[in-house]
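S.K.: For reference, the structure I am asking about is given below.
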Amino acid sequence: MARALVCSALAGLVLVSLALGAASLSEGGGWLLMASRFPRTAAAVLAGAGLALAGVVVQQVVQNRMVEPSLTGTPEAAMLGLLAVTLIAPGSPVAVKMLFAAACAMAGMAGFLALADRVPQQDPMLLPIIGLVYGGILGAIATWFAWYSDLLQYLGMWRLGEFSGVMQGRYEWLWVVAVLAVLLYVVADRITILGFGEAQARSLGLNYAQTRTFGLVVVSLLTALVLVTVGAFPFVGLVAPNLISRWRGDNLRTNLAWIAVFGGALVLAADVVGRLVRYPFEIPAATVFAVLGAAVFLWLLYAAPGRSHG
Amino acid sequence: MVERRLIGLGFGLLVVGSAFLFWSLRAPYGFILELRATKLVALVCVGAAVGAATVLFQTVAMNRLLTPGIVGFDALFILFQTLLVAALGGVGAAQIPGALRFVLETLVLMGAAAVLFGVVFRRGRGDVTRMILTGIILGVLLRGLAETVQRMLDPSEFAVVQQAMFASFGRVDPGQLGVAVLILSGALAIAFRLSPALDVAGLGRGTARGLGLDHDRIVWATLLLVAAMVSVSTALVGPVTFLGLLAASLARLVTDTHRHAVLIPAAALTGSVILVAGQFVFERLLSGQSALAVVVEFLGGLLFLFLALNKGRP
Amino acid sequence: MIRIERLTYKVGPAAILHDVDLRLDAGGITALIGPNGAGKSSLLHCIAGLNRPAFGTVRIGDLDPFAAPGSLRARAVALLRQSPAVVSRLRVRELVAFGRWPHHRGRATPQDDAVVARALEIFTLEALADRPVETLSGGQRQRAFIAMTWAQDTPWMLLDEPLNALDPRHARDLMVRLHDLSRAGDRSVIIVLHDINAAAGWADRIVAMKDGRVAARDTTAALLTPETLGAVFDTPFEVLNTGGRPVVVAR
């Protein structure tokens, strides 16, 4: 029942998203659909799915449900990397920029993990706060550089995720998300075990450090991919996994697909709402999501004392 | 002893203030001096408001890591400014005299903050970290709401809001500055009078009530004061997240006391010194200025991490 | 005298105390004992005016702790809560001085300072007076808080499991001191005790609680019988007699 509901909601959103736009479909026809509407819809779904998956992985890695990629400094680190590439080699191809951003994201994430290991475990709410401030510091460095090199405008674009600029040829990197999703599905059990903590994971015979590193790489890649193509979306990685886990429990093998679908549907919904509220103008999907996501998160915080304490 | 340190802080402010006023002063003297003096008053106001507000807020929140900025006080203020423009239109909002508008906004913020954060404090009692997290998320929510409403505005109206949001020290409205000084000195005076009760409130709700303090009332009163101080600082320069943390932590370090009668003025002075000194360095020595906020954020963030990670150790 | 009539206290829908009627005479030590969750702490908080009951009244002498202004209430009854935490960075002397706050509300007199000095002396805290509270051991901190409660100088002292974290020597010292204070005439002590033998050794009266009700109340010697204790704790007990003092052993 719920399954059918989520699927039909996603399908409905996709149809609305395809039909929605300043130009009418009957004039532009198939070309408009292929060049703009479909890429936009696909980008929203893929970005949402990617961030939701990144969220669930990072939650397992640090064993804390209140964490998500944007609370680990990863997007800010990726931004720093992107800024550096844009400064040093402005003409380099997207693939190079992407990889460099991902590498920086990994460094940022590693820094966060180092902090996380030093935070007392007994207080599950402290880690997200630490992550937030850590991200703030990296963000301040990025702002400083951007301000120094007159790139503040770029930074503003990366900070605020939106899909109005998505067209054929400018979003295809996001399909890597699909590849990573399949990869995650293969190792889902190991990621679930990571969430049991180091001692338990080791006693189950898991190579803890290796799996953790793998998780770190995947989260960084996902975050960097989304950031470089469409910008940052806080909260997706927090809301989607938590809602799914309330609904279906914590076995990733059976949940991963749902988390991805749900994340995609949420971001697409935010994009559609952002396009509708002030038609024909647009409100960035990330802004819409900040409002919706924050509201949902507050609800989680108070409605789910048992589970949200991880 | 402690009083000597307060005097030292006051002397420090005097030194950086004079440096700010007279360093490489050129003709026309009167004009430049007036310009700089207005700016200096604004800087001192903002620093004092943020520093004192943070100490007050940390006491009622029972947490040394929180600042009003982190939990979205300033976002609430900006949301109201935006809503005002959205309701009256850019022209309508501009017709209300700056001083009156400021007073109205301050009153609305005080009411809203007391209700909103009062509820959070009531629900979050006993689970401090959840309360902090709630505050932070509330901040994100309020910022998102303000941004959404801004996007709904016409570009011309948006410009009005934006000017209100990022009023730089260069274009301080003297009328507004006057009102800011009045509100701030009133709030500081009340806070100072409340300081013995605040000392007791710092012992925690249970202990404070055991000692006969009406703890809930002190919390409300403090939140009102914090709201008034935050509207002063936000109206003058826009959001500054970590300045308060920096000022409050340094003030505690310098004075080494729990007494609010000392802490409040010390934090106010420290905040002012940081801002004036920072602005002096950036404006006079490095000839740039928008980076000051970023540097304060950076240092404040580092301090936060240091405090948070050290707290965990026995 | 403390009079409690038909007191019912609820947390959400759950009633923690049911219809408690109790009279506690002034003077001496009254111990509250009972299994975990019996409502001992809740009762103590109700007497101190900190838990507002759903029904019923509490009177401390003539004073209604819920209606009286805070400063008056805090001069009639002082409560030491279980594991109190303090966020402010205070020195021991400063913490103890807060016990005087209900009396001076912010303007300490030399008289207040004298009481603080005496409190530090009584609870052997002089050597620690200038140490920050957070650097103390659990037992030292507990003593600092007890000194603060004493400095509040109220006719009634309510202590919620004050022996927690105290080593045998300091536990005994505390009980001896409370005994002396309550004998001197101007202080009455109500104390929640986990250790029945501490109650057996020092309390004048015992109130045994179970499931939010008063299960038994009597003088110490009369209450400590295997039957009563067995009914209260649902555990078989033996009561021995060593040198005229009852000693309770779980079988």
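Glycine is treated like the rest: Cβ placed from N, Cα and C.
Reproduced below are the annotations present in TrEMBL:
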TRANSMEM  B:6-25  transmembrane segment
TRANSMEM  B:37-57  transmembrane segment
TRANSMEM  B:69-90  transmembrane segment
TRANSMEM  B:102-122  transmembrane segment
TRANSMEM  B:177-198  transmembrane segment
TRANSMEM  B:218-248  transmembrane segment
TRANSMEM  B:260-282  transmembrane segment
TRANSMEM  B:288-309  transmembrane segment
S.K.: As a test: from B:69-90, B:218-248, B:288-309, pick the stretch that has the greatest number of Cβ pairs under 8 Å with the transmembrane segment (B:177-198).
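M.R.: Comparing B:69-90, B:218-248, B:288-309: B:218-248 has the most Cβ pairs near the transmembrane segment (B:177-198).
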S.K.: Select the range from B:6-25, B:37-57, B:69-90, B:218-248, B:288-309 that forms the most Cβ-Cβ pairs under 8 Å with the transmembrane segment (B:260-282).
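M.R.: Looking at each of B:6-25, B:37-57, B:69-90, B:218-248, B:288-309 in turn, the most contacts to the transmembrane segment (B:260-282) are made by B:37-57.
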S.K.: Cβ pairs under 8 Å with the transmembrane segment (B:288-309): which stretch of B:6-25, B:37-57, B:69-90, B:102-122, B:218-248 has the most?
M.R.: B:218-248
S.K.: Before we move on, state whether the transmembrane segment (B:69-90) and the transmembrane segment (B:6-25) share at least 3 Cβ pairs under 8 Å, counting only pairs 6 or more apart in sequence.
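M.R.: Contact between the transmembrane segment (B:6-25) and the transmembrane segment (B:69-90): absent, because fewer than 3 Cβ pairs are under 8 Å.
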S.K.: Same chain only, please: residues at least 6 beyond the ends of the transmembrane segment (B:218-248) with a C-beta under 8 Å from a C-beta of the stretch. Say none if there are none.
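M.R.: Tertiary neighbours of the transmembrane segment (B:218-248) are 42, 45-47, 49-60, 64-65, 67-70, 73-75, 77-78, 102, 105-106, 109-110, 112-114, 117-118, 121, 164-169, 172, 176-177, 180, 183-184, 186-188, 190-191, 194, 197-198, 201, 208, 263, 267-268, 270-271, 274-275, 293, 296-297, 299-301, 303-304.
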